[in-house]
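Engineer: Handing you a structure now.
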Amino acid sequence: MGCTVSQEDKAAADRSKMIDKNLREDGEKAAREVKLLLLGAGESGKSTIVKQMKIIHEDGYSEDECKQYRAVVYSNTVQSIMAIIKAMTILHLDYERPEREEDAKRLFKMAAEAEERGDLPEELANIIKDLWADSGIQHCLTRAREYQLNDSAAYYLKDLERISKPDYIPTQQDVLRTRVKTTGIVETHFTFKDLHFKMFDVGGQRSERKKWIHCFEGVTAIIFCVAMSAYDLVLAEDEEMNRMHESMKLFDSICNNKWFTETSIILFLNKKDLFEQKIAHSPLTICFPEYEGPNTYQEAQAYIQTKFEDLNKKKETKEIYTHFTCATDTKNVQFVFDAVTDVIIKNNLKDCGLF
């Protein structure tokens, strides 16, 4: 009898140990699962960050995958030159050479068919090269804040010689620069520093925002992207609204949301390279009339950082982790994401009582 009781006690103790072990393992496993939500207004660089995760943590894009982006590169290139041509008319600008008017008409006739086929015929490529070389077009490019133009426009158009070759295969950088509007939610999985990441890229345009809500539950951290270079631009979907003001409004609603009281907020002040180029000739007062500092990169970026961080209504209990980023620069993103991961590890272990 006594022997039976001791065997039962031993079995119960073993079961208890096993339950404790499983709970501990579950706790550690939970601490290693990271759900990241990428938020931000349209065209703030969220999808580029996702592509960088593939390049940095998943061996990048294979040759076959790169080939699949060829049609997107062609489309982005053609759409960019068309946007500049349309702006020439709106801004009442003249071409340097009158024959470019004819080229522009031919381009518009050929563009739709080429886009449907997903190619860039030699004749069309030559027309684009001639237009791009025109000083009128180049002048129109300097006034890009007055119309909607992809950030990658000059990147592709400057490299037409390479892009228009029959055997062209997009590089990793070409893929990074492609612009396709994100609709719905794009999920990416990868492992880094023994953590299992699930990253959700959510459509940034206003029409997409109602789809975000079910992503919110159990989020470890939010990476909020802001296009710093958009301080002098208006929204594609609302030409009355300054893009930076829209970003601030959205950040305010995310940062102070009751859903996110326990969530780490990481702020990526992105497109720092474009911002640095732009601030020298386009004053910050366009966006912030009260700004009295110099239009230099350091002072202007610090001012924008303060404007966003000041929106945090719970400064005593909630920290905003701010980084200046260039989403198309793999080394920069790698460095920043390394720092972000360390913050996540620390906060995650703390939440699970393991730190």
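Each Cβ is built from the backbone N, Cα and C atoms, and glycine gets one as well.
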Engineer: What range among 121-126, 253-258, 325-330 does Swiss-Prot record as region 'G5 motif'?
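Structural biologist: Swiss-Prot lists region 'G5 motif' for residues 325-330.
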Engineer: For the record in Swiss-Prot, which of the ranges 3-11, 129-137, 174-182 is the region 'G2 motif' one?
Structural biologist: 174-182
Engineer: Region 'G1 motif' per Swiss-Prot sits at which of 21-34, 35-48, 287-300?
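Structural biologist: Feature region 'G1 motif' in Swiss-Prot: residues 35-48.
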Engineer: So if I draw a 10 Å sphere around the Cβ of S44 (GTP binding site), how many other Cβ atoms end up inside it?
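Structural biologist: There are 28 of them.
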Engineer: Same chain, outside the region 'G4 motif' (266-273) by at least 6, Cβ under 8 Å from its Cβ: which residues?
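Structural biologist: Residues 40, 44-45, 49, 151, 221-230, 251, 301, 304-305, 308-309, 320-329, 336, 340, 343.
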Engineer: Where among the binding-site residues L176, V180 do you find the Cβ with the fewest other Cβ atoms within 10 Å?
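Structural biologist: Looking at the binding-site residues L176, V180, the Cβ with the fewest others within 10 Å is that of V180.
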Engineer: Under a three-state reading of DSSP, tell me whether S44 (GTP binding site) is helix, strand or coil.
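Structural biologist: Assignment for S44 (GTP binding site) reads coil.
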Engineer: If you count other Cβ atoms within 10 Å of each one's Cβ, which of the binding-site residues V202, A327 has the most?
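Structural biologist: Answer by Cβ density within 10 Å: A327.
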